[in-house]
Amino acid sequence: MSATPADASQGGSIDHVLTEDRLFPPSAEFAKNAVISTVEQYESLYAAARDTPDAFWRDQANEHLHWFEPFGDVCQWEAPDAKWFIGGKTNASYNCVDAHVEAGRGDKVAIIWEGEPGDQRTLTYRELQTEIAKCAEAYEQLGIGEGDVVSIYMPMTPELAIAMLACARIGAIHSVIFAGFSAESIADRNNDASAKLMITSDGLYRRGKVLPLKQTVDEALEKSTTVEKCLVLRRTGGDDTPMQSGRDVWWHDVVDSQPGKLPAKPLESETPLFILYTSGSTGKPKGILHTTAGYNLWARRTFEWVFDHRDDDIYWCTADCGWITGHSYIVYGPLTAGATCLMYEGAPNHPAEDRFWELVEKYKVTILYTAPTAVRAFIKWGDEHVDKHDLSSLRLLGSVGEGINPEAWMWYHEKIGGGRCPIVDTWWQTETGGIMMSPLPGITPTKPGSCTKPLPGVIPKIVDEIGNEVDSENGGKLCISQPWPGMLRGIWGDPKRFVEQYFMDVPGQYLTGDNARRDNDGYYWIMGRIDDVINVSGHRLSTIEVESALVSHPNVCEAAVVGRPDDLKGQAIAAFVTTTDREINDEFLKELKLHVRKQIGALAQPDDIRFTSALPKTRSGKIMRRLLRDVAAGRELAGDTSTLEDLASIAQLQEKD
Ligand code: WTA
């Protein structure tokens, strides 16, 4: 594993970022009304959270969460174990809905939803509360209670958020699985988490087609040893959904008829709230565990600070609830803050490439939070799709998932934001629970490509190979040196991996896995991963995970997977494989791609697969990934290749360019 910043330039945009010196201050107009409107305000919050964290977080938690029973100590921290708001009792579902109903805001719209075919629904906070309670009542009838794991594999319908919050209501633990993963991946996650209930829908709309979700789930359930029941939402219709008697039940049969009165259960602060699987540097995805109070508070406060939330905003996060962004910034953050959220089910280019802009215009969206890969697709599709629509309702834009390259930043700023909307480039991870570094839109002059500064409570350190703080201009490994309420509490079922992965390199500090540098203004620039994780269209994938999928094909002997720069995806997946004596042709190539799709899901399908007689290895037998990255990117070979075991193999790979 290599950790030099130069090596991390796989994303392709770092060169531009290194020379970026434009500065975009927030407008006086925006600053005037902002939640955090002066630099002094930020600095005093930051200093308070750093110097007197207990007092700071005690006040935050008391003010911004509902407590059935008060907590005692604020934080107990002995790396890697963090406990927050000890002994207190709260409930994330209560904070998301009941709190607003109790406060007389029950009629405010919580979710405006639009399906891909154009169907629409709105749910007020009161209606959402009832739906969540009904779903929780159904869970209880299905034998689900506190501590049980519920796997959710659903389209982006309100029921997805309802299913999550119904878990939170009774202390069940949700594990949402993005609806693009394969049956194999679902089964792996179900088994790892010992899921008891699975929730899905008959189908999912994607670009006008129906994908048979239930069929995939059926396949997964054949291999899921712990799942007892399957709850199925009717979304796409049709009579052909197979239902296994005794196991499968329809949502409309068991949820709709419930009274909807079940109160939120008071739960200990550290009650597990959810598991979310994400890729790390080994083959097996890990179940990141978040718990109730700390996560909920972090999601809420970071939402309010970064998105400058006001009561009349129409906020739209375009992520899917299958990822952490959907958890924190579609569900827990905005709902706890009492926001009105737009939720959209489908693809950005269906029925046409202006779908997002049509939605912004129609619902008068004020805050838009999306990913650089989407922005780059919009640029490619052409300005005419944007020009057709009135986007003057927008006042703030957000970006997440990967660094936003300055070209995309400028287009987003000018074309979508009309030059008037600040852009918040938010850096964070599944593990961090919520945003860690981001501009605050009322005060932070932005630099395209930089996530600027840490939020209150986040103390970053840049360290070298052996954990010493370094001259930050040159960059190094990014660590966080104090606990924060939203931090992960573990890897499900694997405490050893939890310590090794995050707390061993620099004892007592959280290792993010990213490289970063800090410039003279104290701004942070994220420079890519230090491990074998690649970022494909904002989705985290482990190269080893894809390699394992490839070698599970009977005709593949060895595989090496690397990321290569891609204009749209940020990184594309390039695979190098050695094979048995099977003939190499297009059919084999297609078969291999399909095989990876089947093993992991469409998002992991390699963009290129190259066949070779041997992989380049060092004398000690390690695959030379840096070299393969250069080959994949079509770059001149860099670095010292004198330790190559088989120079001929590299020459052969190059010939295929
Ligand atoms: C990358 C997504 C640069 C980073 C919320 C991180 C970013 C990984 C940014 C986490 C950003 C995310 N600038 N890089 N604004 N946002 N990343 O867990 O490498 O899916 O470690 O969480 O994405 O991905 P994850």
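Note: Cβ is positioned from N, Cα and C throughout, glycine not excepted.
Caution: TrEMBL annotation is automatic and unverified by curators.
Residues or ranges marked as domain 'Acetyl-coenzyme A synthetase N-terminal' in TrEMBL: 42-96. For the domain 'Acetyl-coenzyme A synthetase N-terminal' (42-96), the DSSP counts in helix, strand and coil order read 27 helix, 11 strand, 17 coil.
TrEMBL lists 103-492 with the feature domain 'AMP-dependent synthetase/ligase'.
There are 12 other Cβ atoms within 10 Å of the Cβ belonging to Arg207 (CoA binding site). For Arg206, Arg207, Gly208, Lys209, Thr325, Asn349, Ser537, Arg597, the entry in TrEMBL reads CoA binding site.
Residues or ranges marked as ATP binding site in TrEMBL: Gly401, Glu402, Gly403, Asp425, Thr426, Trp427, Trp428, Gln429, Thr430, Asp514, Arg529, Arg540.
Residues of the domain 'AMP-binding enzyme C-terminal' (545-622) grouped by DSSP class, helix first, strand second and coil last, total 24 helix, 27 strand, 27 coil. TrEMBL lists 545-622 with the feature domain 'AMP-binding enzyme C-terminal'.
Sequence-distant contacts of His553 (Mg(2+) binding site), defined as residues of its own chain at least six apart whose C-beta falls under 8 angstroms from its C-beta, comprise Glu591, Leu592, His595. Per TrEMBL, Mg(2+) binding site is recorded for Val551, His553, Val556.
Annotation comment: TrEMBL describes Lys622 as N6-acetyllysine. Within the same chain, no residue at least six positions away from Lys622 (N6-acetyllysine) has a Cβ under 8 Å of its Cβ.
Near Gly401 (ATP binding site), with the C-alpha within 10 Å of its C-alpha, lie none of the binding-site residues Arg206, Arg207, Gly208, Asn349, Val551, Arg597.
In the three-state DSSP scheme, Thr430 (ATP binding site) falls into the helix class. By the rule that a residue counts when its Cβ sits under 6 Å from some atom of ligand 1, the recorded positions Gly208, Thr430, Ser537, Lys622 yield Thr430.
Excluding the listed site residues Val551, His553, Val556, the same chain places Ala549, Leu550, Ser552, Pro554, Asn555, Cys557, Ala559, Val577, Thr579, Leu592, His595 with Cβ atoms within 8 Å of the centre of the Mg(2+) site Cβ atoms. Sorted by the number of other CB atoms within 10 A, the binding-site residues Gly208, Gly401 start with Gly208, the lowest. With the fewest other C-beta atoms within 10 Å around its C-beta, Lys209 stands out among the binding-site residues Arg206, Lys209, Arg529, Arg597.
For the binding-site residues Arg206, Ser537, Val551, Val556, a Cα-Cα cutoff of 10 angstroms around Thr426 (ATP binding site) retains nothing.
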